[in-house]
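A.B. asks: I have a structure I would like to understand better, so I am pasting it below and will then ask my questions one at a time.
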Amino acid sequence: MPFAPALHSEWLKIRTLPSLAAGPAAVVLVTAAFTALAGLDESAGADSDPLFASLFGVVLGQIAAVTFGAQAVSAEFRGGALRLSLSAVPHRGRWFAAKALAVGASALAAGLLAGCASLAVGWAVPGSRAGGPNWGEGLRGVVGCGVYMALMALFAAGLTALLRSGVMTLSILVPFLLVVSFVIGGVSGTAADYLPDKAGQVVLHSTSDGALGPWTGLAVTAVWAAAALAAGAWSVRRRDA
Amino acid sequence: MTSIDVRDLTKEYGGRRAVDRLTFSVRPGRVTGFLGPNGAGKSTTMRLVLGLDRPTSGTATIGGRPCAALDEPLREVGALLDTGAAHGSRTARDHLRVLAATHRIPGRRVDEVLEEAGLAAVSRNRVRTYSLGMRQRLGIAAALLGDPRVVLLDEPSNGLDPEGIVWIRELLRRLAREGRTVLVSSHLMNETASFADHLVVLGRGRLLADTPVREFVHARAEPRVRVRTPDGAALRDLLARHGYESVAEEGEGAGDRWTVRHARVDDIGRLASGAGVTVLELAAEERTLEQAYLDLTAAEAEFTAMSPSRAQEA
């Protein structure tokens, strides 16, 4: 059985479930909204990076991306939905690849849009820093934002397949992204630079002072996402549905 | 022709055997009832046949191939396993479209099975607004989507209203007439008796019976005869002399009512007539699948109680 029908089915699954279809839209809205809020806050740190100031909303937008990735997979673990899915696509590796591609592509598109919207908001809001990012930086930021969102959604998707629970995945990832990474991420030049979110967010800054550059940072996040997906695929293939 | 073949199938969860060296075949062109008490391993066996669970040992094949190796599984085998498989926030039609997309099945076919399941009018409503019976119908529609040659339904009559029960009965008969292989699990005996031609009975994961329904009932259920006579004492003595055990019932109207165990109408009628005992009514008591099944499982329970190793396991 070819891959395309399985992918089409997974794409339809996202489109026809309101809570999932709203996920990518939430990524765009949350990212843009929080960039605007942060821009309005005049008292924000003066040492702010011009590009990151325009993409600040990603810090919260990624929560929407992670939630989307987790929900897309966790919907399979309720009421025997996975059994029905696998009875139609018994090749489990292929099924999970189709799922991941549908989730990743949706999150990528949402991330690119979120990046554009966020930059536009950053320029439009009067309180934004003088200068702001230049076009080259802005383009890099948008692409980086898209790839970063896609990778975070996939990281969550893989983790959810491994844990077989969206609630468990989110109760690990959300506090991690909002609290742990914020606290220990303040220091650079440590192993914390290689955390999935910290590494990937280098691309959202004009300048980086850590060991990782914009693209190597995204590569590190990609390794995290790939590891989570591999673990998830292993779980899907090995365990009883 | 596509059969389901289960060979020496065993599935252990932890140390517990849910399915224990099971061997049977389900043939096309007839409805096979899959019976057994809750926890006997019916659902597990169905999941193993579908390749959703991995057997500890043994094989389960459809048309000679494991289900997971089928190119277009929905066209070979349709299954109803979990009524909750459809997401409550999706519409019934979208639920089937998602499934249809995996096999490039056109939307026309989706509407066809929705029509057949009696859900056409509500197909654009969200599944969460459905009753249990409607969800069952949706699950059955999903099973029929690929026009499969093999149909497996796990407790399809759960939650169905009387019309639904009649519908499923007609549907199963029709599927078998069309030459499909139909396996239907249930724990409702009278319901199963109304549609099944053949039975596979499980108890504690093991095969207790694999026979045609008629044979199963005749071999298991004790035949009884009911007699009404104005001359009860004479009849009882007559029957006792010929080794029959008769039990008096509470009578109303003329004469006493008796039930004779292990007896056939022909024998009792001839005996009574030969001895000149007046008989007002003589009837064979309908033997039911339920009786036969309970006799069988009672025997199994006895066997289990007597066998110390099995008792320790339990």
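Each residue's number is its place along the chain shown, starting with 1.
Yeah, the Cβs are placed from backbone N, Cα and C, and that goes for glycine too.
What TrEMBL says about a protein is an automatic prediction, not a curated fact.
What TrEMBL records for this protein is below:
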TRANSMEM  A:20-40  transmembrane segment
TRANSMEM  A:52-75  transmembrane segment
TRANSMEM  A:96-121  transmembrane segment
TRANSMEM  A:141-163  transmembrane segment
TRANSMEM  A:170-192  transmembrane segment
TRANSMEM  A:212-236  transmembrane segment
A.B. asks: What parts of the chain pack near the transmembrane segment (A:20-40), using Cβ distances under 8 Å and only residues at least 6 beyond its ends?
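C.D. replies: For the transmembrane segment (A:20-40), the list is 13-14, 53-61, 63-65, 67-68, 71-72, 75, 106-107, 109-111, 113-115, 117-118, 120-122, 125, 127-128, 145, 149.
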A.B. asks: Which one, A:96-121, A:141-163, A:212-236, has the most C-beta pairs under 8 Å toward the transmembrane segment (A:52-75)?
C.D. replies: A:141-163
A.B. asks: Who are the long-range neighbours of the transmembrane segment (A:212-236) in its own chain, taking Cβ under 8 Å and residues 6 or more past its ends?
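C.D. replies: Residues 73, 92-93, 95-97, 100, 140, 144, 147-148, 151-152, 154-162, 164, 193-194, 196-197, 199-203, 205.
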